Amino acid sequence: MCTGSGAESRGGVISSDDWISKADDDQQNPLLVQGVPNNAAAGSAAAAAAESAAAMRARGGQAKLFVDGLLRRLPINGQLATLPLQEVGEEVVSLGRIACPIILTTLLIHSRSIVSTLFLSHLGDVELAGGSLALGFYNITGVSVMKGLSAGMDPICGQAFGAKRWAVLSQTYQKMLCLLLLASTLLICLLWLNLEPIFLRFGQDPDIVKFAKVYIIYCIPELIGQAVLHPMRSFLRTQGLTTPPTIAAIIAAIFHAPINYLLVIQLNLGAKGVALSLAFSTMNMNIGLLIYVAMSSTSIKPWRGLTFVSMFQGWWPLLSLALPSVISVCLEWWWYEIMLFLCGLLADPKASVSATGILIQTTGLLYVFPFSLSCGLNTRVSHALGAGQPTRAQWTSVIGISLAFGYAILACVFTNFLGEAWGKLYTQDPDVVKLISIGLPIVGLCELGNAPQTAACGVLSGTARPKEGARINLFAFYLVGFPVAILLTFQLKMGYRGLWLGLFSAQVACVSMMLYTLLKTDWKHQAKRAEELTAAVGERDDLEDGLINDSNDER
């Protein structure tokens with residue numbers, strides 16, 4: 001909680017002084033002084049009550065005092081309550097410059113999954129169900145781990161960039177690249193190779209599982225590519241460089257559908273071709289980004305400050321953020337895998353799994369804007385804290401979360417108008433289409449919680465507090481959402497609809513706790529933590545005198 005005047009300087013305890021400023025006296029505000037009616041002013045007000053214009057002015061004055069009092073009750077800096085509209089507009093533009101390229105990049109990357117699902121759907125119902133199961137498993141055990149671990153480098157790199165500690169960015173990237181390559185080759189691949197016995201043990205359909213195993217094995221090259229891609233995107237994003245990944249994604253997307261057609265149709269590789277096409281697409285992006293950082297005069301070079309000794313130093317600050325980050329991301333993403341498992345236990349498992357796979361792709365599409373906004377908030381908040389500007393970080397978070405709420409309303413309206421038409425884009429199976437139309441309105445309701453909580457996650461990441469996010473996700477999804485889903489689906493016999501209502505309850509709990517956590521944030525303390533974090537990493541990693549304190553012209 002920030003220190004300042006009024007309630008915030010007293011730990012949030014409200015007194016009568018909080019409702020007006022000290023400068024407001026009897027002459028300036030005759031209707032209310034120190035929170036109680038002023039007798040002299042009351043007489044004047046009563047005499048003027050006969051005139052409607054005076055009464056309206058009085059009500060307007062009271063409304064202003066009431067709003068001012070509400071603002072003072074919030075744990076925000078006093079400057080934030082009177083933030084000029086011009087500065088709000090400038091911050092929205094700054095967020096947009098970061099978020100808009102990320103939106104396009106994420107849409108292009110997400111389009112790969114849509115294309116893959118479309119090709120799978122034309123191979124047959126079992127292939128679609130097995131591919132959906134494998135894609136969900138790939139996202140939740142592969143991409144979520146890559147994304148979660150790489151999120152650990154975001155606050156370090158962002159705050160280091162704001163503090164002009166360039167070498168910290170490069171050395172953090174180098175460590176994260178090694179960490180992801182080890183995690184993907186040693187841990188995740190081992191899990192994927194044992195997919196079939198795991199799924200069969202949980203009662204999944206054998207035909208679906210057999211097909212899913214083939215698909216996931218051929219996704220291993222894609223997993224290695226993602227291990228290279230995620231830290232590079234974070235490395236560039238924390239510098240505010242979001243256009244290069246967009247250009248690389250455009251080039252990769254142009255070739256993705258033709259590669260699918262070549263491998264799946266022309267070479268008759270079927271699902272194997274769908275999986276391999278993902279790997280080729282990611283490889284194209286990695287090559288494009290590597291060429292950019294090698295030739296660019298804008299980006300910090302990722303190999304800067306690389307020494308043999310530096311690769312073995314300073315791991316704890318990174319791991320202390322990466323491990324809670326991956327737990328937080330996986331707790332949320334794994335919920336969707338649990339939904340797929342539960343769908344396999346319903347009366348029509350093939351239709352339920354297929355419909356859920358398509359709806360998960362839909363939630364991924366709706367997730368693009370709040371995720372991109374979250375990345376923008378992460379970057380802006382971490383830059384501000386690294387530069388020692390806690391007030392700017394605070395009102396950036398307020399503006400960003402407000403934008404997320406606005407988007408959530410639009411997304412809710414949008415999904416309620418899609419109906420069966422959305423399902424028919426993927427399949428003509430009437431059972432699958434019907435289940436999709438049942439789930440879509442609930443998916444829209446989920447966005448009312450998902451969008452603002454995703455934006456809030458970006459703020460928490462920018463303040464280097466992934467442990468808070470992990471605790472919140474554990475409680476919301478597994479102590480609230482999971483029991484509600486089981487109760488509604490199996491005990492109250494609501495079936496497929498009950499699973500998605502369980503997700504809705506989890507999102508409501510999650511956004512409530514996220515917002516409460518941010519309201520209680522002491523932003524000055526977070527700025528001090530940012531200074532300590534980047535200094536700790538630098539003290540361990542920078543072996544040459546002056547490396548950590550390079551000037552702008554040496555970038």
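In case you wondered, yes, glycine gets a Cβ from its N, Cα and C as well.
Keep in mind that TrEMBL annotations are predicted by a computer and have not been checked by a curator.
The region 'Disordered' annotation in TrEMBL covers 1-21. The annotation transmembrane segment is assigned in TrEMBL to 176-195, 215-235, 247-267, 273-294, 315-336, 356-377, 398-418, 438-460, 472-492, 498-519.
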Contact ranking winner - 176-195, 215-235, 315-336, 398-418 against the transmembrane segment (356-377), Cβ under 8 Å: 398-418
Cβ contacts under 8 Å made by the transmembrane segment (398-418) with residues that lie 6+ beyond its boundaries: 76, 80, 88, 91-92, 95, 362, 366, 369-370, 373, 376-377, 380, 440-441, 443-445, 447-452, 454-456, 458-459, 515, 518
Do any residues of this chain, six or more beyond the ends of the transmembrane segment (472-492), have a C-beta under 8 angstroms from a C-beta of it, and if so which? 327-328, 331-332, 335, 338-339, 342, 346, 498-499, 501-503, 505-507, 509-510, 513-514, 517
Where else in the chain does the transmembrane segment (438-460) make close Cβ contacts, counting only residues six or more beyond its ends and a cut-off under 8 Å? 328, 355-356, 359, 362-363, 366-367, 369-371, 373-378, 381, 397, 400-401, 403-405, 407-409, 411-416, 418-419, 422, 466, 468-469, 496-497, 500-501, 503-504, 507-508, 510-511, 514-515, 517-518
Tertiary contacts of the transmembrane segment (215-235), defined by C-beta under 8 angstroms and 6+ residue spacing from its ends, are 105, 130-131, 134-135, 137-138, 142-143, 146-147, 149-151, 153-154, 157, 169, 173, 176-177, 180-181, 183-185, 188-189, 192-193, 195, 245, 271-272, 274-276, 278-279, 282-283, 285-286, 289-290, 293, 302
